[in-house]
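Visitor: Take a look at what Swiss-Prot says about it:
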DOMAIN    8-86  domain 'Cytochrome b5 heme-binding'
BINDING   HIS43, HIS69  heme binding site
TRANSMEM  168-188  transmembrane segment
TRANSMEM  213-233  transmembrane segment
DOMAIN    219-361  domain 'Fatty acid hydroxylase'
BINDING   HIS234, HIS239, HIS257, HIS261, HIS339  Zn(2+) 1 binding site
BINDING   HIS260, HIS315, HIS319, HIS336, HIS340  Zn(2+) 2 binding site
TRANSMEM  268-288  transmembrane segment
TRANSMEM  290-310  transmembrane segment
Amino acid sequence: MAPAPPPAASFSPSEVQRRLAAGACWVRRGARLYDLSSFVRHHPGGEQLLRARAGQDISADLDGPPHRHSANARRWLEQYYVGELRGEQQGSMENEPVALEETQKTDPAMEPRFKVVDWDKDLVDWRKPLLWQVGHLGEKYDEWVHQPVTRPIRLFHSDLIEGLSKTVWYSVPIIWVPLVLYLSWSYYRTFAQGNVRLFTSFTTEYTVAVPKSMFPGLFMLGTFLWSLIEYLIHRFLFHMKPPSDSYYLIMLHFVMHGQHHKAPFDGSRLVFPPVPASLVIGVFYLCMQLILPEAVGGTVFAGGLLGYVLYDMTHYYLHFGSPHKGSYLYSLKAHHVKHHFAHQKSGFGISTKLWDYCFHTLTPEKPHLKTQ
């Protein structure tokens, strides 16, 4: 028989006030206390919005308006649970049963995502690398991978390979922006020589000269095409559902994108690491050289590479930045947060919502919860 779990810690109002005075951000839900100090900078609504509610009951805020939080967001909150509030005056506790009853009326299909994470009883052993474990989850993988957690992930046993699977955000502009500048300078010089022509691989009679004035347009075309590629990869590759009986396809999905949905605030896994990125970028470059004349394909590629850099930087900012309310980035962040926590089958655009508009995959205005 398993031992009974230890009783929850309890805190008096004066103890909570001391922590608040020291700069901690504690909130409560009924009598349940949560320490959100480490989460405030990640809060989708902004740090100030959360700090303004320090010490308060957030039950009503979870239900909105202006925003009704998803079951995944409520489950995420439980990872910051620290104990119970004791010695509270009766008047301030009168509404607790009502608040708890309302917040628990979630869509039954979403109820499993509301469960608190028990690290010792989870489907995987978090003390070991996850990549070799997830393939055994089978039919449970899809539900498990879309239950986000607050802790970082380790994929590999080898420290070297593990290191290559992670990176800091600023490695992306440091490595790839100089390449964008070099390619742009090199191919513009080629255009300036006046020898660039289209269709030379098919005919010598009907070729079309490409003047250097076309360089900016081709570059911008590459950036625009990247936004479409970004959307298509995210929607059809990253969000494919691997067969439950395929150990290796589940592993592949997890290493490509599942890990990010499992640990959305693992800062070392938010942008594409340079080594695997080099392989993918190299394939794109070769494809452009095969399809188009060298200078034309290279220019489109350079624009696309800049689009990739902007995508990765935008993605990182959407997770860790605090855009001003009402700004485009604020709207984009809300769009992406809903993709992670409520609507994983929509909201595939990262750097722009353009293609979500075009293909009708915008995240709904309301989270996937039935209002009461």
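Just so it is clear, glycine is given a Cβ too, placed from its N, Cα and C backbone atoms.
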Visitor: Near HIS319 (Zn(2+) 2 binding site) in space, meaning Cα within 10 angstroms, which of the binding-site residues do we find among HIS43, HIS69, HIS234, HIS239, HIS261, HIS339?
Guide: HIS43
Visitor: Compute the average pLDDT of the predicted model within the domain 'Cytochrome b5 heme-binding' (8-86).
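Guide: Mean model confidence (pLDDT) across the domain 'Cytochrome b5 heme-binding' (8-86) is 78.
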Visitor: Using an 8 Å cut-off from the Cβ centroid of HIS234, HIS239, HIS257, HIS261, HIS339, can you name the remaining same-chain residues around the Zn(2+) 1 site, in sequence order?
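Guide: Apart from the listed residues, the neighbours are PHE238, HIS260, GLN344, PHE348.
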Visitor: Using the alpha carbons only, what distance in Å do you get between HIS339 (Zn(2+) 1 binding site) and HIS315 (Zn(2+) 2 binding site) once rounded?
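Guide: Computed Cα spacing between HIS339 (Zn(2+) 1 binding site) and HIS315 (Zn(2+) 2 binding site) is 12 Å.
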Visitor: Counting only other Cβ atoms and using a 10 Å cut-off, which of the binding-site residues HIS257, HIS319 scores lowest?
Guide: HIS257
Visitor: If I take the alpha carbons of HIS43 (heme binding site) and HIS257 (Zn(2+) 1 binding site), what is the distance between them in whole Å?
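Guide: HIS43 (heme binding site) to HIS257 (Zn(2+) 1 binding site), Cα-Cα distance: 22 Å.
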Visitor: Whole-number answer please: how many Å between the C-alpha atoms of HIS315 (Zn(2+) 2 binding site) and HIS234 (Zn(2+) 1 binding site)?
Guide: 12
Visitor: Around HIS336 (Zn(2+) 2 binding site), how many other C-beta atoms are within 10 angstroms of its C-beta?
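Guide: Summing over all protein chains shown, HIS336 (Zn(2+) 2 binding site) has 22 other Cβ atoms within 10 Å.
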Visitor: For HIS69 (heme binding site), what is the tally of other C-beta atoms lying within 10 angstroms of its C-beta?
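Guide: Other Cβ atoms found within 10 Å: 20.
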Visitor: To the nearest whole angstrom, what is the C-alpha distance linking HIS69 (heme binding site) and HIS340 (Zn(2+) 2 binding site)?
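Guide: HIS340 (Zn(2+) 2 binding site) has its Cα 12 Å from the Cα of HIS69 (heme binding site).
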Visitor: Per 10 Å Cβ neighbour count, which of the binding-site residues HIS234, HIS261, HIS340 ranks highest?
Guide: HIS340
Visitor: Other than its own, how many Cβ atoms are within 10 Å of the Cβ belonging to HIS260 (Zn(2+) 2 binding site)?
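Guide: The answer is 20 other Cβ atoms.
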Visitor: Which residues does HIS239 (Zn(2+) 1 binding site) neighbour through Cβ under 8 Å, counting only same-chain ones at least six apart?
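Guide: Spatial neighbours, sequence-distant, of HIS239 (Zn(2+) 1 binding site): HIS257, GLN344, LYS345, PHE348.
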